[in-house]
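*Asks:* Sending over a structure as structure tokens; questions will come in a sec.
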Amino acid sequence: MGIKMLLWLLLVLPWVTLVFLDKDTVKRYMPVTIFTCLLMTIIFQIAYTFKWWTIYQYIVPWGYMIDVSFAYGIFAVRTLWIFHLTSHKFCLYVITNVVIDAFFAFIALAIMLPSFGIGAYNLLQPWQYFLVIFALFFIIYGFHIWQQGIFKAPEERHTEGESGGELKIRGSIRPRAKAR
């Protein structure tokens, strides 16, 4: 019973921390958080297929494939917090991820989870998991930059010739009238 309660806390408590952020910050980083959940689901499916690790304790029926508390709790919310705290500072983003990913790969998942009987690495070594997750954060960063650009307000975009040659679309898109 204690392990299941711990897993529920690991799922719910990270989301509770979002009350310390303003609504606009949560809205700004929620797309990248949801994208992270999608990618973690894919990684867990690959891990299950190739037996990278085994999950012994879980809180949902499909938990033997996807550690819900980790993928949709700690990992998802930490992504949001990392983006909030390192916004537009790529070097700080990389350093923060190296430290946190190393902790998860070499301490939390390699030592703590097996000692609690929650899960264990099988065919994947901690350093390999570190590389997978670290590479994932570059994909996530690229997604964030992309989606941040497409969701800019029209006032934030520039017209061609004003700065950088970017094109601003004002109003609706209408075909040009033919010259006679």
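Glycine residues also receive a Cβ, built from the backbone N, Cα and C atoms like all the rest.
These numbers come from a predicted model, not from an experiment.
Feature annotation from TrEMBL assigns transmembrane segment to 6-22, 29-50, 62-83, 90-115, 127-146. Sequence annotations record features per position, and here TrEMBL assigns region 'Disordered' to 161-180. Among the features that TrEMBL reports, compositional bias 'Basic residues' is placed at 171-180.
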*Asks:* By Cβ distance under 8 Å, which residues at least 6 away from the ends of the transmembrane segment (90-115) in the same chain are close to it?
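*Replies:* Contacts of the transmembrane segment (90-115) (Cβ under 8 Å, skipping residues fewer than 6 from its ends): 53, 78, 82-83, 121, 126-127, 129-130, 133-134, 137, 141.
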*Asks:* Among the recorded stretches 29-50, 62-83, 127-146, which has the greatest number of Cβ pairs closer than 8 Å to the transmembrane segment (6-22)?
*Replies:* 62-83
*Asks:* Are there residues at least 6 beyond the ends of the transmembrane segment (127-146) whose Cβ is under 8 Å from a Cβ of it, and what are they?
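*Replies:* Same-chain contacts beyond the ends: 29, 31-32, 35-36, 39-40, 43, 52, 79, 83, 90, 93, 97-98, 101-102, 104-106, 109, 121.
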*Asks:* Taking a Cβ cut-off under 8 Å, which residues six or more beyond the ends of the transmembrane segment (62-83) line up next to it in the same chain?
*Replies:* 7-8, 10-15, 17-18, 21, 26, 29-30, 32-33, 36-37, 40-41, 44-45, 48, 55, 93, 96-97, 100, 118-119, 140, 144
